[in-house]
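Database features, via TrEMBL:
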{"type": "DOMAIN", "residues": "3-99", "note": "domain 'Ig-like'"}
{"type": "DOMAIN", "residues": "110-204", "note": "domain 'Fibronectin type-III'"}
{"type": "TRANSMEM", "residues": "213-238", "note": "transmembrane segment"}
{"type": "REGION", "residues": "244-292", "note": "region 'Disordered'"}
{"type": "COMPBIAS", "residues": "279-288", "note": "compositional bias 'Pro residues'"}
{"type": "DOMAIN", "residues": "322-582", "note": "domain 'Tyrosine-protein phosphatase'"}
{"type": "DOMAIN", "residues": "502-573", "note": "domain 'Tyrosine specific protein phosphatases'"}
{"type": "DOMAIN", "residues": "614-877", "note": "domain 'Tyrosine-protein phosphatase'"}
{"type": "DOMAIN", "residues": "793-868", "note": "domain 'Tyrosine specific protein phosphatases'"}
Amino acid sequence: MSPRVARFGTTTSATNAGSIELNAGTNVTFVCETRGDPLPQAADVTFMFSSRKLALSTEVSTGGTTVHRTLLRNISIADAGQSSCSVMTVAGQDNREVSVIVKVPPTTSVPPPVRPTSPTELTVDIQLSKLDLTGDGEIIAKDIEYKLANESSWKTLTNSEEGEVRIRNLSPNTTYNVRLVLSRPGEGGRGRPGPAATVSTLTSMAAAAQSSAGAVAGGVIAALLVLVLLAVVGLFIWRRKGSPSSRLGKGKKTPTTKSRPPEPAEEPPPQVNIYDEIPGPPDPPPRPDLALEDGELLEENPYRVQIDALPDYVHQLGPDGIKKEFSTISDHRHPYAVSKKPGNVAKNRYKNIVSYDHSRVVFQDQPTRPNSDYINASYIDGYDKVKAFIACQGPKQDTSRDMWRMVWQERSACVVMVTNLVENGRAKCERYWPEENNEYENNVQTYGDITVTAEKVSSMADYALRLLQVQKAGVDEVREVLHFQYTSWPDYGVPKHPTSTINFVKRVKASIPRGAGPTIVHCSAGVGRSGTFITIAAMLDMIEEEGAINVHDFVDAMRENRMTMVQTPEQYVFIYTALLEATQCGNTTIPTDEFRDRFSTLSRKNPKSGLNAFQEEFKRLARVCAPLTPDKTRSALAPMNKDKNRFSSVLASDSNRPMLTPRPGDPPGTDYINADFLDGYKRKDAFLVTQSPLPGTVTDFWRMLSDHRSVSVIMLNQLNPKDKSVVKYWPDAGSKTFGALEVEMVSERQEKSAIVRQFKLSTDTKFDHQSNIVHQFEFTAWPSGRSTPTSVDDLLELLGLVEKWQQQSGNGPITVHCINGVGRSGVFCTAHALLDRLKTEQVVDVFQAVKTLRNHRPNMVETEEHYQFCYQVALAYLASFDTYANFK
């Protein structure tokens, strides 16, 4: 009997509905019921959701029906579109589609109008037309939440009507926060709370009557007192402006052996991102009080953490506690009248992310352009420098000229871009610079009266660096601007590992010329990722100066100047994760002109530990690099794949392994090979690191090369006739077939340190016909039993041979293998990456090169001897130049 899709939809949708409406931010289970003879199994069913294939869990129910389920988390508007469930067996095929419509729960960006009407009553006037609504209707609920201003727990008054709604049974002469929560139909239709209004109830009638007699005299006295108070406060603020670090408790060293994390406050309700990066934060609960332990002296600022206490602080709080610490940060609200002028509204990328009047960048007026003094950008203080940064939104098409106007006016030498132009199919930022090989002649583009020339672009694995020249019309001066674009921030959430982010922040900091204007930082909205970058940069300065951090108060200070800086709890947790890694790893970067002397110093033993610095760094690597847990290696541990792993301690991670293309008739699980994509310095997924092929995985090895267009193979182990598990996976002459692939020996030559073989790898099926030339480099200068190669020069020669072929062949991923795929392979990949960085930045950092590899394949660079040999590679490379100082 032909297979049939009997039902396809969500667990709550009508059977075989043509369309399904979902609310953004919800978790939804889709169900596909299939029938047929033979009964369809998981491998027979394909579930496509918004153009991506999803995994299914399958169960057999009574009556000859197979039920397939998949859970989709945090639905977003990018998930809207056609979804389908397809079934195909030997008896035939069937398909059913539904249209997925994603609606955004409604919210408001302005507080509701609230007025006191009696000592125990407040009246809220709900007029949706006046509330600057965002999201989708139909609005079915207009609930009112209220609380005492000094408390964190909200009460809810259920309401579905417009007009005046009264909140009763309140306390006289008491301040309350009141906000509106809107809802639309369906699960998850409740929007995030809008901003709160702050209002006080009236005094009691008796108190009001008693106070009326002295009202006039009291008013005069009160006015004088207010004037005096304002003068004192103004002087205080003015004096503090010159020292941003004073707000972080600078100089107040912790008198205890450990810092005590604050008691977490109650978690705020979940929120939905209306504008991608743009949720409005809840009103914060008050800062928690801290109890003192016996013998412990609590410093004045509970959020200031000494670096030696940071691991305990982060461990005690955990991610949930750090998120609750985040919820205690105020989202200060200040006037932003200029941002809302009719002529400026269109300049804002997002309606509810604007610039405060007091901290915005103000352009020198251009009389011919109305409202020409406005850009959505705000000055942000650094750790110890006023206006160290400017945080701004990503330029729009009609505001690109304003970006360069700001760069010129503020004399900025660095622009940091923490977004891609397009993410998840949505425009995040307009390209506002001329790029090489584009439509602009000589890579020059004019923005208003500013001409920008692209002199050079360097692409690294995680960021691009552009050298730009900027000149204003009528001015002879030409200025250089460095444009850093971080490209490894994922479309959702935060980076999985902070290593590349820390290195990027440090690279930017090291590139800022002395005396330059503010560093301009932007993402899409200029608050979330931008705030994260600025906080990490400032805290690295604080660590260097004080040996302490104060993330909480720095973020709070940023929000005084720009709303919602550090936008999500996940970004706040990421800041702590990054700073923890930065402090635990230490500064291991060495300038090339200091490297020879530093190498000698690192070689000396520490009398206390009995270890030299190489050994201490290697042990530190083991502490900061987490091993892979079983939940991250499910494919490797699957019963059908266990025999494909040479060693049970070296497995491929689910997130980084190369997927093999299934062949017709293949059972489930045949997409696995024990290999991982690893980043180099200049390229993401620069390496395909794997074990030496087993007898049963030779075909998979060639499939991997074909599927992922890898035409360079580095063989670092020797063949051993006594070990039948180490096989020759290539033909000595002629050709050999491996599944649907044909491998033909073309040539072989002997170099000083390697045998270089050339193969023709061909695919010939009814669906595909292609061929590639593959070079295999068998490294002969690392005999079995030796901990390191016979000489550093031999490895340098191998690296040179590989680099030359890569340049000729198009720079695809380099496949690297040794017996276990971590030891010798780690040395090669580390040497390759650290030399690329050395040539680009004129620095050596073996530790970070290994750390980057170990983020995804633990145990890369397996021994202390391997680790120290990598230092020797850098030393030998630099020794080939006459002077270190002139090395480029």
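For all residues, glycine too, the Cβ spot is worked out from N, Cα and C.
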The domain 'Tyrosine specific protein phosphatases' (502-573) - residue tally per DSSP class, helix then strand then coil: 45 helix, 6 strand, 21 coil
DSSP-derived helix, strand and coil totals, residue by residue, for the domain 'Fibronectin type-III' (110-204): 3 helix, 43 strand, 49 coil
Tally of residues which DSSP labels helix, strand or coil - the domain 'Tyrosine specific protein phosphatases' (793-868): 50 helix, 7 strand, 19 coil
Counts by DSSP class (helix H/G/I, strand E/B, coil) across the domain 'Ig-like' (3-99): 6 helix, 58 strand, 33 coil
